[in-house]
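A.B. asks: What follows is a single structure, and I will ask about it in a moment.
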Amino acid sequence: MATEKTQYDDFIVKGFIISALVWGVASMTFGVIIAFQLVYPQLNFELPWTSFGRLRPLHTNAAIFGFALSVIFATAYHTVQRLCRTRMWNDTLSKIHLALYNLTIVLAAITLPLGYSQSKEYAELEWPIDLLIVVWYVIFFANYLMTVIKRKEEQMYVAIWFYIASFVTVPLLFIVNNIVIPAGFLKSYSVYAGVFDANIQWWYGHNAVAFVLTTPFLGLMYYYLPKHIKQPIYSHRLSIIHFWSLIFIYIWAGPHHLLYSPIPEWLQTTGMVFSIMLWMPSWGGMLNGFLTLTQAKDKIKVDATLKMMLAAVTFYGMSTFEGPLLSIRAVSALGHNTDWIIGHVHSGTLGWVGFMSAAALYYLVPRLWNANLYSEKLANAHFWLGTLGILLYIISMWVSGITEGSMWRAVGENGELVYKDWVEIVEFLKPFRLFRAIGGTLYLTGIVLMVYNFIKTIQNKDSGFVEQDLRIGVKS
Amino acid sequence: MLGFNKFLDWFSEIADHWDTKGVKFTLYTTIAVVIGGLFELIPPFFLTKTVTPISTVKPYSALELAGRDTYQKEGCIGCHTQMVRPFKWEVDRFDPTKAYGRTGYSKGGEYVYDHPFLWGSKRTGPDLAHESQMLRSDEWHKNHLINPRTVGGVPNSIMPAYPWLFEESHKVDVEQVVSNMKALKAIGVPYTEEDFANAPSLLKDKTEGEALVAYLQKLGKDSAELQKGMK
């Protein structure tokens, strides 16, 4: 009889965890570099491959598709096997996926600094790399779906719903937005032009936020949070309602990126209305997370992983409140194109995605390598450095963004612009942008501590893992 | 509220059945997602009023296109937008010569040959949609690109310097530009055989930097001409 250990393929989970750590550190390091470049332009070094314009897409691609996707795949492989009580359908396909996926990120890390870019945000990679992505995606998705189909557990747990929704939507967005006409081996043009291209790009761009940075992480929350505290999810019905409304509404929200642009008025209004409606399902997910967490509330003080989950859910609630707010026309008029948006995005990515990822990794690494976490204290330090970093980041960006927007629109009594000189505004924002860079550095430091903690843990592998019981009333 | 509660009960009950059927569940999820996507993406293509063509807007010349490629390559989109919103303060700032009159904001028709669109999403530097109307000389642009902080440039600018763009080693690749134009023709940009034939002489000995300057000087020029003609 197969034992629990040989039943599941954990090699693939470990592979993606290591990818996540490598690309996580890389993407955030680039983030910190470009943040400092916006204060000290000398840091561009007057070299093509170190200038801001080329490193910025490298930062976003490595963070979204290197770090976040690695976490998504690691947790998808881990959860689907357990929730379906079956091994992956085909281990070889999993390994090919891991290899080709990492090859893609390496190719991205080479081509983007060399200036090969489609210039569509989060879809910068040139067409041969896009084709490679389609190849490994099909391999992965077939493997995932077959595993779900041959499952031994009749009911599909809510975590699987969120993963499936993500995995069917992402290729749809990716393929439609990336239809290009090649003009050479690494050069292509979007087949759509102008206004249409903008509409499709932001339909994709916003839903990359929805179906890469939100739904998989909700799925991950629905698995690891109840598992970690050994308590059921607060409300199954709330899961159903917020799942279906979230995936139905999210896809409409794209045009809120194009308010006051030449896209049709009705489209802008639709985008705005659906963005506001999105607030409800988002908070449905947040509340389900929160109320589940309260079942272990007296352990929040002692467990860093739990703290991270709590902070992650809080930042999720905060940035999904801010999102609908920013999609209201009048607010968009002030905030659009400013640092405020950068702050909003980072409260979601650093707070929600980053902390939820870290929590999942703190859960997974000791279990997979069968060793207790090297240091709970370091994990705690990671939490506080990360939290402080995020707060510095988003507060300075709020101040900077709102200042920036107000200075742009300031008109004197005679109807003339008060701040005609653009650089005057740039100068004024420098201190806030410096604080942002410092906040990012603190966050990166936290991540480095986590990696060190994991290396030390992995060095003790097979020393035996003892699970903590976090239930209320159980002494730890 | 009772009706709504009943609706929720009814919905969660049927949805509960779906999560025992993997394929069915995946199908329904896809449908839920596709509805919104189709609604947003398809109608704009059939509404001709969405984009009124502006008669004077012409495709980019070979040199301007090479400049646009350079703009894409250097990731200028990361800091510059190319879309002026219909606010007085934006129109005043990005069209100080009032070349467009009171309606100097961006129109859909200005972008009909833009594959891809380059509106951007972050305005760390100024908007460039109507850069040609700022009436700066080619020489100013060149100096500013080589080092934004030198005399004649903008002393406190945080823009990166692009000295390499004007180096001998960064000459425009003529063959590549011609094949780029042919690709664009295939998706509807009205380039002619004459344009292809003229490209080599237009591009001869030009650097990527000079091409970029030509592109910047083209931005907003055609539609401004239309406005001037109407006055």
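Yeah, the Cβs are placed from backbone N, Cα and C, and that goes for glycine too.
What TrEMBL says about a protein is an automatic prediction, not a curated fact.
Quick paste from TrEMBL:
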- A:12-38: transmembrane segment (TRANSMEM)
- A:16-476: domain 'Cytochrome oxidase subunit I profile' (DOMAIN)
- A:58-77: transmembrane segment (TRANSMEM)
- A:H59, A:H346: heme b 1; low-spin binding site (BINDING)
- A:98-116: transmembrane segment (TRANSMEM)
- A:128-146: transmembrane segment (TRANSMEM)
- A:158-181: transmembrane segment (TRANSMEM)
- A:201-225: transmembrane segment (TRANSMEM)
- A:H206, A:H256, A:H257: Cu cation binding site (BINDING)
- A:237-253: transmembrane segment (TRANSMEM)
- A:273-293: transmembrane segment (TRANSMEM)
- A:305-321: transmembrane segment (TRANSMEM)
- A:341-365: transmembrane segment (TRANSMEM)
- A:H344: heme b 2; high-spin binding site (BINDING)
- A:377-399: transmembrane segment (TRANSMEM)
- A:434-455: transmembrane segment (TRANSMEM)
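Thinking about packing and proximity, how do these listed features fit into the structure?
C.D. replies: Over the domain 'Cytochrome oxidase subunit I profile' (A:16-476), the average per-residue pLDDT in this prediction is 94.
Beyond the transmembrane segment (A:58-77), the same-chain residues lying 6 or more positions past its ends with a Cβ under 8 Å from any Cβ of the stretch are 9, 12-13, 15-17, 19-20, 22-24, 26-28, 30-31, 34, 88, 94, 97-98, 101, 104-105, 108-109, 112-113, 121-122, 124-125, 140, 144, 163, 166-167, 208, 212-213, 216-217, 219-220, 223-224, 349, 353, 357, 360-361, 364.
A:H346 (heme b 1; low-spin binding site) counts 25 other C-beta atoms within 10 Å of its own C-beta, drawing on all protein chains shown.
For the transmembrane segment (A:98-116), the residues of the chain that approach it from at least six positions outside its boundaries are 12, 15-16, 19, 23, 26, 48-50, 54-55, 57-58, 61-62, 65-66, 69-70, 73, 124-126, 129, 132-133, 135-136, 139-140, 186-187, judged by C-beta separation under 8 angstroms.
Same-chain residues lying 6 or more positions outside the transmembrane segment (A:158-181) and placing a CB less than 8 Å from one of its CB atoms are 72, 76, 79-80, 83-84, 118, 120, 123, 127, 130, 133-134, 137, 140-141, 144-145, 148, 188-192, 200-201, 203-204, 207-208, 210-212, 215-216, 218-220, 222-223, 233, 236, 239-240, 243, 247, 251.
Long-range contacts of the transmembrane segment (A:201-225) within the same chain: residues 64-65, 68-69, 71-72, 75-76, 79, 83, 120-123, 157-163, 165-166, 169-170, 173-174, 176-177, 233, 239, 246-247, 250-251, 253-258, 285, 289, 292-293, 309, 312-313, 345, 348-349, 352-353, 356-357, 359-360, 363, each at least 6 residues beyond the stretch ends and with a Cβ under 8 Å from a Cβ of the stretch.
Taken residue by residue with DSSP, A:H257 (Cu cation binding site) is part of a helix.
Tertiary proximity for the transmembrane segment (A:273-293) is limited to same-chain residues at least six positions away from its ends with a CB under 8 Å from its CB atoms, namely 218, 221, 225-226, 229, 231-235, 238-239, 241-242, 245-246, 249-250, 252-253, 256, 300, 306, 309-310, 313, 316-317, 320-321, 323-324, 327-328.
Packing against the transmembrane segment (A:341-365) from elsewhere in the chain are residues 13, 17, 20-21, 24, 63, 67-68, 71, 74-75, 78, 209, 213-214, 217, 220-221, 224, 227-228, 304-306, 308-309, 311-316, 318-320, 322-323, 326, 335, 373, 379, 382, 386, 389-390, 393-398, 400-401, 436, 443, 447, 450, 454, 457-458: each is 6 or more residues past its ends and has a CB under 8 Å from a CB in it.
In the three-state DSSP assignment, the secondary structure recorded for A:H344 (heme b 2; high-spin binding site) is helix. Annotation for A:H344 (heme b 2; high-spin binding site): spatial neighbours A:S319, A:E322, A:G323, A:L326, A:I394, A:M397, criterion Cβ-Cβ under 8 Å with sequence separation of six or more.
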A.B. asks: Neighbour count, 10 Å Cβ-Cβ cut-off, for A:H256 (Cu cation binding site): what number do you get?
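C.D. replies: Excluding its own Cβ, A:H256 (Cu cation binding site) sees 27 Cβ atoms within 10 Å.
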A.B. asks: If you draw a 10 Å sphere around the Cβ of A:H257 (Cu cation binding site), how many other Cβ atoms fall inside it, taking every protein chain shown into account?
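C.D. replies: Result for A:H257 (Cu cation binding site): 26 neighbouring Cβ atoms inside 10 Å.
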A.B. asks: Please list residues from the chain of A:H206 (Cu cation binding site) whose Cβ is under 8 angstroms from its Cβ, counting only those at least six apart in sequence.
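C.D. replies: Spatial neighbours, sequence-distant, of A:H206 (Cu cation binding site): A:Y250, A:A253, A:G254, A:H256, A:H257.
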A.B. asks: Among all the protein chains here, how many other CB atoms are within 10 A of the CB of A:H59 (heme b 1; low-spin binding site)?
C.D. replies: 23
A.B. asks: Within the same chain, and leaving aside A:H206, A:H256, A:H257, name every residue whose CB is within 8 angstroms of the centroid of the CB atoms belonging to the recorded Cu cation site, in sequence order.
C.D. replies: A:W202, A:G205, A:A253, A:G254, A:P255, A:L258, A:G271, A:S275, A:S327
A.B. asks: What subset of the binding-site residues A:H59, A:H256, A:H257, A:H346 has a Cβ sitting under 8 Å from a Cβ of chain B?
C.D. replies: A:H257
